[in-house]
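In what follows, a single structure is set out as structure tokens and then discussed.
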Amino acid sequence: MATPNGPRVPCPQAAVARALLFGLVLIQGAGVAGTTDVVVAYNITWKSTNFKTILEWEPKPINHVYTVQISPRLGNWKNKCFYTTNTECDVTDEIVKNVRETYLARVLSYPADTSSSTVEPPFTNSPEFTPYLETNLGQPTIQSFEQVGTKLNVTVQDARTLVRANSAFLSLRDVFGKDLNYTLYYWKASSTGKKKATTNTNGFLIDVDKGENYCFHVQAVILSRRVNQKSPESPIKCTSHEKVLSTELFFIIGTVMLVIIIFIVVLSVSLHKCRKVRAERSGKENTPLNAA
């Protein structure tokens, strides 16, 4: 059978296929070109103190914006901080729903003109974060203190958190219970040698030397933690006996002065009487001589 020698007629199906393939390549190329200026986030970190939690990352955007998503380990993603030019996002309201849960966040990068984006945005995942185990403890506050004789009584005030239960904000003690300890460091004002006492309540009652002034500060501690166990130390407070000593000294000086005044008055009266008696005697003795 002879083979036709005429010109080959193009197949319509093949032409359509080539056109579709070319179009797909163009679309992919446009997608790649559209994302070349989008920089993905890096150095994503959780900054959390007393459960107030901020997600931070780099870099500052130039031609793009960010959206943050957060999710419990086995939950669904929830969008936060939509199309922002900031490099931080407050996610406190999400993590306080269950502070014992482990959370993951991711930062998505979009072109500045998000309406032109037709591809899935690139993103970067954060490290996992468990608030109960990892939030930093804030600086505690000494609510009150009193030294009476040989006893020093110190009361620590619990910080409030944004964790809620029954529509009320909880304190650190409410959240951590007996896991929360306080350590009191104290020393004589005239010395540098420190002692310490620890309690899982909010009060200290320690033995001290009577008449000595003491200085002290407290620190919150979660002993069950492996990291972030301790808070910063509270400002130093000191007892003072200056007013008591001044009152006692004033009383002593006043008493001595009163005794001296009484002594002077008595002495003056006595001397006056003695002089009067002597004068009378002298007058009697001199009377006959004067008469003569």
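Backbone N, Cα and C atoms are what each Cβ position is placed from, and that goes for glycine too.
Summarising the annotation, Swiss-Prot assigns disulfide bond to Cys81-Cys89 (among others). According to DSSP, Cys89 (disulfide bond) is assigned to a strand segment. Remark: Cys89 (disulfide bond) has Ile54, Leu55, Val68, Lys80, Cys81 as non-local neighbours, by Cβ distance under 8 Å and separation of at least 6 in sequence.
Annotation comment: Swiss-Prot describes Cys215-Cys238 (among others) as disulfide bond. Every protein chain shown contributes to the tally, and the Cβ of Cys238 (disulfide bond) ends up with 13 other Cβ atoms within 10 Å.
Here the Cβ of Asn43 (N-linked glycosylation site) has 10 other Cβ atoms within 10 Å, regardless of which shown protein chain they belong to. Taken from Swiss-Prot, the feature N-linked glycosylation site applies to Asn43 (among others).
Asn153 (N-linked glycosylation site) is surrounded by 13 other CB atoms, counting those within 10 A of its CB over all protein chains shown. For the recorded site, Asn153 (N-linked glycosylation site), the DSSP three-state label reads strand. Per Swiss-Prot, the feature N-linked glycosylation site maps to Asn153 (among others).
Feature annotation from Swiss-Prot assigns N-linked glycosylation site to Asn181 (among others); the stated evidence is sequence analysis. Taking a C-beta cut-off of under 8 angstroms and a sequence separation of 6 or more, Asn181 (N-linked glycosylation site) has the following same-chain neighbours: Thr198, Thr199, Asn200, Ala220, Val221, Ile222, Leu223. DSSP assigns Asn181 (N-linked glycosylation site) to a strand segment in the three-state reduction.
Secondary structure from DSSP puts Cys274 (S-palmitoyl cysteine) in a helix. According to Swiss-Prot, the S-palmitoyl cysteine annotation covers Cys274.
Summarising the annotation, Swiss-Prot assigns signal peptide to 1-35.
Summarising the annotation, Swiss-Prot assigns topological domain 'Extracellular' to 36-248.
If you look up Swiss-Prot, you'll see 272-292 marked as topological domain 'Cytoplasmic', on the strength of sequence analysis. Over the topological domain 'Cytoplasmic' (272-292), the average per-residue pLDDT in this prediction is 66.
Residues of the same chain lying 6 or more positions beyond the ends of the transmembrane segment (249-271) include none with a Cβ under 8 Å from any Cβ of it. What Swiss-Prot records for 249-271 is transmembrane segment, and it gives sequence analysis as the kind of evidence.
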Rounded distance in angstrom between the Cα atoms of Cys238 (disulfide bond) and Asn153 (N-linked glycosylation site): 12
Least buried by Cβ count (within 10 Å) of the recorded positions Cys81, Cys215, Cys274: Cys274
Residue among recorded positions Asn153, Cys215, Cys274 with Cα closest to the Cα of Asn43 (N-linked glycosylation site): Cys215
